[in-house]
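Inspection log for the structure reproduced underneath, given as structure tokens.
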């Protein structure tokens, strides 16, 4: 395995990588069944935990493929893909059945993806792929009954998120180099074996991700999540009698998904990352990965909410479903605002991220009284206003 180097030919995502992304997002799509009854707080918490589990596994394999390039082991990627398929099948029995199988496969995929890295390699950009502290609570959970099993999963994922932001990979690399130098000083002279002195420690070297290729994978994941949203809305609308409320909800859902596409893949961080150089120091990849995790979760939740509301076009809307859509939209605006803050500045937050966030929370609270049709219309209006604002800003500043 070698670190990614710049070349004159632009690197694109392979068919294997696209296949893996499709399977990972299909697993996230399976989680929607946890929300069908108008989820309680516990059910929504389990939804988020399972989402994070799928995303972390996807990210571990994605970063490995990004760094390894053409040397990536296809059998490893397909093996991890099969593990995701088993986890996907286990989701259908959640929370009552198959939880232990889900946890066992999660551990196996984490171990396999971590073992793929070569000796002496230190992944500077995303150390979670090599540090397995977050896997330990999952191992313990194999012998713990629900609901404490799910609590341990949340603890493990929380550790991974802490590592993502708190661990300084550059310092980790420096520590590894110091350990190698210390071993060399303590090493006694010994006979050579195969041209190499016995006991010589493996040299340490940093490996980094290719930002343009990683940006393409992040965008590819998001676009597939949006596609899953389209499928869920179509499935819900096709099962209903085609009345005016159903038509309005269907059109509004499509426009909402289109708005999220524009705000993430046209104006968001993905196009900026795809245009970055491999050695660009301004790309804080741990922050980019964290933003992608939160943003794709919000997009998936809004997409699921649109499908659930489409299945309740008239009459009383369960409060849980209202919060899935409205709360998901609020989370989307929050992540967009935090992601754009470093480049756009604090005043930009008042243009649409903060106002849209506040109105989305009000819509989520009032959704059961407004009904599904007006909830969708409200979310669509907010996303449309945000897109219009970004379009005007881009034309004024000459960004596009």
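Even glycines carry a Cβ here, placed using N, Cα and C.
Note that the structure is a prediction, hence the values are computed from the model and not measured.
Of the given residue ranges 44-64, 107-127, 128-148, TrEMBL assigns the label transmembrane segment to 44-64. Transmembrane segment is the annotation TrEMBL gives to one range among 22-39, 76-93, and that range is 76-93. Most Cβ pairs under 8 Å to the transmembrane segment (244-267), among the stretches 288-309, 348-366, 372-392, belong to 372-392. Stretch with the largest number of CB pairs closer than 8 A to the transmembrane segment (150-169), among 44-64, 76-93, 288-309, 321-341, 348-366: 44-64. The list of residues near the transmembrane segment (44-64) in space but at least 6 beyond its ends in sequence, with Cβ under 8 angstroms from a Cβ of it, reads 17, 20-21, 24, 27-28, 31, 34-35, 72, 76-77, 80, 83-84, 87, 91, 94-95, 102, 106, 109-110, 113-114, 116-117, 123, 125-126, 128-129, 134, 150, 153-154, 157, 160-161, 209, 214, 217, 221, 289, 293, 296-297, 300, 320, 323-324.
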